[in-house]
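Feature annotation from TrEMBL assigns domain 'Inositolphosphotransferase Aur1/Ipt1' to 99-274. The transmembrane segment feature in TrEMBL is assigned to 6-22, 49-66, 78-99, 111-133, 145-166, 208-228, 235-255, 261-279.
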Amino acid sequence: WTIYDFQYLFLLILGIFLFYIIETPGIFFKILIVCTFAIGLYLPVPRKFFLPFLPIASWLVLFYSCRFIPGSKRPHIYVSVLPALENILYGDNLSVIIAKHTNTVKDILAWLPYGVIHFTLPFLTSAGLWWYGPPGILAVFSKSFGYMNLAGVLTQLIFPCSPPWYEYTHGMNTPAEYTMPGHPGGLARIDKLFGTNTYTKTFGGSPMVFGAFPSLHSGCAIIQALFISHVIPKFRPFCFAYVMWIWWACMYFTHHYMVDLVGGGFYAVVAFWIAWDYLPSVNKHFRNRWDY
């Protein structure tokens, strides 16, 4: 046992808390999930998957369980903090400027990274790291990705802030309440364009309505860019072009302020910095695959 192993004690305490507060599914399903992870962590072969997957699983369950935390037990929702910071740091509200003029072409260009690529890229990144990267790098990526998102959701719980769409819908001086439903922001135009209510329904029932800071869309994009660039440096320009693309989409759809995006990037850089000492060496054998 080392100080590094205290992460598992933290995950255990968090898991007990989540087991206690989750109301649905019922007790038998929760026990089944616990037994599955217990067996997976005990047996040597499945442990190779379950151990690095623990932080990701904890993040997903925590995000889902936010709906069961009573509003009376949660902190005050900050409505004007992020817009004020935006004006102090950048001299104006960049999200308002970017989202001011909309059209169908821009909607599609923003929808691709925000509503499609963001949800598929973690799987593609994992597959690419496993196939092209050195042995062990996928486990490091999984833990870094999971802990970064876990830290982000915990921050959103402790420091709940309203996103730009709240300012458009309710005004900056209207106090927010946890009973308020979520809003798809600019993604409502995508639902209208395709004749669906996918994003309206998804964001309307979100368990984390006031989780603007930090932006995990930004954090996920940047930590994936860092890992891919580490293994395949030639891809670095494309990786960070994607980061700029999704940053623009987040503000265009009024889901995040610029300060949220920078905050998410900070979480990603810190997670990658912590993981640096555990990254396996990318030797010439792997670099030669891409004609270095």
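Just so you know, glycine gets a Cβ as well, placed from its N, Cα and C.
Count of Cβ pairs under 8 Å against the transmembrane segment (261-279): among 6-22, 49-66, 78-99, 145-166, 235-255, the largest is for 145-166.
When the stretches 6-22, 111-133, 145-166, 208-228, 235-255 are ranked by Cβ pairs under 8 Å to the transmembrane segment (78-99), first place goes to 145-166. Touching of the transmembrane segment (235-255) and the transmembrane segment (145-166) is concluded from the presence of at least three CB pairs under 8 A, sequence neighbours closer than 6 excluded. Recorded stretches compared: 6-22, 49-66, 111-133, 145-166; the one with the most Cβ pairs under 8 Å to the transmembrane segment (208-228) is 145-166.
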